[in-house]
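As structure tokens, the structure follows; a few thoughts come after it.
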């Protein structure tokens, strides 16, 4: 019992001081600033969506507080502190279903949620005690890449979707006539049918009836507050056309993406000293955000900005910071809560461990070891704390974790002209995660600064993170092979040993699984998404009947592509060297005597006298009795 946990602690404890000492580098500061900006928007957005789903029981301030508390604790005590915790879609779906269930049956949502959370903690600790995390060995590249690819695609899709949604809030007139621009106007007018409820709202704002409201002089916000209607050729469905904001947001979005990508690759440019190029590359995203904020401020266009709660108090006045697990609910809800807790446990376990497997890839060259059991224990304990305090649940976030690792890559310094930097490993430490979530907790007191960050800029950062996280996924390299002629295909190691048609079959199976995962995650059944990810392990097992073990070892081996190719080339060089040594030994044996390699080949040894440039060839011919000059021996010196 708890054997794996004890081993994790013993493995990680000796490195704890180095986890702090290794963070004393400018690259870590760049990582903190980048990930802080990247983590803020999802956490606040998730809190807003949760507030809508739970009618204000859990909202943005609870999300910020929960993320900060969980993230700081995880960074200090987890086995793999490079993992970044965040909110997930299935958790939001589960919260929606639970809130609707409580409303339908008259139960206290926060109390039942606390009971489920405590049961989930118990089941997760049970998994830690039984070393269930050792099952991650069955999560091979097939499952890992399908999951990672899905999360990256979702990040890219949601970034573009949020940009398109801005068109609803800032509509554009698609039928403009430039000669009639002087006639365009949009005014507020009274609604056609005013209900009793609307009349009460008018009374609350100081107006007795529709006639007493100065509709034509109301601004946009007051018109929406009084439920007026917008009339005129310059009006859209929800208000006046605002073309400048939408187009400016599109410019900010794509400029952020391309500028971040360019500055990140600046390390390989030919200009400026190495330290300058490395610093620009490390701070690429932060520099981009700062440039975009300044440009947006100078332009003066009212683009949508980041909104952060400015007061540290529960969103709902009907709750505190501690929640009773029973509350007003019947006693039997404490027992029934174990059933949904089982689903939550699978959700937490799969999300956490698959992300941990991706972070602990061999290609990342991590030297301080992993800690699957310890990670799960910390996540479980903090889930229990968040449940009691009425805060959202947080688990490992795949794209944010990959971005964190990529921001801490260590490469060799290039000295020779044209030499490409070599990847040396990851700067493993705990301080970046700790600082990211500490800053997030202090965001409530930094609203005066954060309010200048445009949301389209953060959407561009999401697009950059999703696109950059796709690099190194073998699955996408194999997809490219479908439309590529054989002579243009890259020298991929698995193409040396596996027939191309079998590579295509393997890719199609993986692609089908990816599409099914997408459909499930985008539907109302998203809460069972972790179960479908678990099913990938069994689908991978079925591939044993379609492919040989040798083929699967090349297609589904966790060893990184470049390393396998290097090892394969080393084997070939070693074989060639062995053949060369063998040939030299044969030549050594042939010295000073005639060697017949075949019936028509005569080898003549050539010796060089030491200390002289002159070479002497000695040929000794023994003439057989059947030949002319029978019994004679002839020696010729040249």
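Placed from the backbone N, Cα and C atoms, the Cβ positions cover glycine too.
Per TrEMBL, domain 'Bicarbonate transporter-like transmembrane' is recorded for 1-560.
As annotated by TrEMBL, transmembrane segment applies to 24-46 (among others).
Look at TrEMBL and you will find 58-77 (among others) tagged as transmembrane segment. Residues 39, 43-44, 46-48, 50-51, 83-87, 95, 110, 308-309, 311-316, 374-375, 378-379, 381-382, 385-386, 389-394, 430-434, 436-438, 440-441, 443-444 of the same chain, all 6+ positions outside the transmembrane segment (58-77), place their C-beta atoms under 8 angstroms from a C-beta of that stretch.
The feature transmembrane segment is assigned by TrEMBL to 116-139 (among others).
Counting residues 6+ beyond its ends, the transmembrane segment (146-164) has Cβ neighbours under 8 Å at 89, 249-250, 253, 354, 358, 398-399, 402, 455-456, 459-460, 462-463, 465-467, 469-470, 473, 475-476, 510, 513-514, 517-518, 521, 533, 536 in the same chain. The annotation transmembrane segment is assigned in TrEMBL to 146-164 (among others).
According to TrEMBL, the transmembrane segment annotation covers 245-263 (among others).
Residues 30, 33-34, 37-38, 244-245, 248, 252, 255-256, 259-260, 263-264, 266, 452-454, 457, 460-461, 464 of the same chain lie 6+ residues outside the transmembrane segment (283-301) yet bring a C-beta within less than 8 angstroms of a C-beta in it. The annotation transmembrane segment is assigned in TrEMBL to 283-301 (among others).
Annotation source TrEMBL lists transmembrane segment at 331-350 (among others).
What TrEMBL records for 371-395 (among others) is transmembrane segment.
The transmembrane segment annotation in TrEMBL covers 431-450 (among others). If one looks beyond the transmembrane segment (431-450) by at least 6 residues along the same chain, the residues whose Cβ comes under 8 Å of a Cβ in the stretch are 19-20, 23, 28, 31-32, 35-36, 39-40, 43, 61, 64-65, 67-72, 74-76, 81-84, 306, 308-312, 404, 408.
If you look up TrEMBL, you'll see 457-476 (among others) marked as transmembrane segment. Counting same-chain residues at least six beyond the ends of the transmembrane segment (457-476), those with a Cβ under 8 angstroms from any Cβ of the stretch are 37-38, 40-42, 141, 145-146, 148-149, 152-156, 158-160, 162-163, 252-257, 260-261, 264, 285, 288-289, 292-293, 296, 306, 363, 398-400, 402-403, 406, 507, 510-511, 514, 561.
As annotated by TrEMBL, transmembrane segment applies to 515-539 (among others). Beyond the transmembrane segment (515-539), the same-chain residues lying 6 or more positions past its ends with a Cβ under 8 Å from any Cβ of the stretch are 89-90, 93-94, 97, 138-139, 142-143, 146-147, 150, 153-154, 343, 346-347, 349-351, 354, 509.
Per TrEMBL, compositional bias 'Basic and acidic residues' is recorded for 565-581.
Positions annotated as region 'Disordered' by TrEMBL: 565-587.
Most Cβ pairs under 8 Å with the transmembrane segment (371-395) belong to 116-139, among the candidate stretches 24-46, 116-139, 245-263, 331-350. Long-range neighbours of the transmembrane segment (331-350) within the same chain, counting only residues 6 or more positions beyond its ends whose Cβ lies under 8 Å from a Cβ of the stretch, are 88, 90-91, 94, 98, 107, 111-112, 115-120, 122-124, 127, 132, 325, 376, 379-380, 383, 393, 395, 527-531, 533-534.
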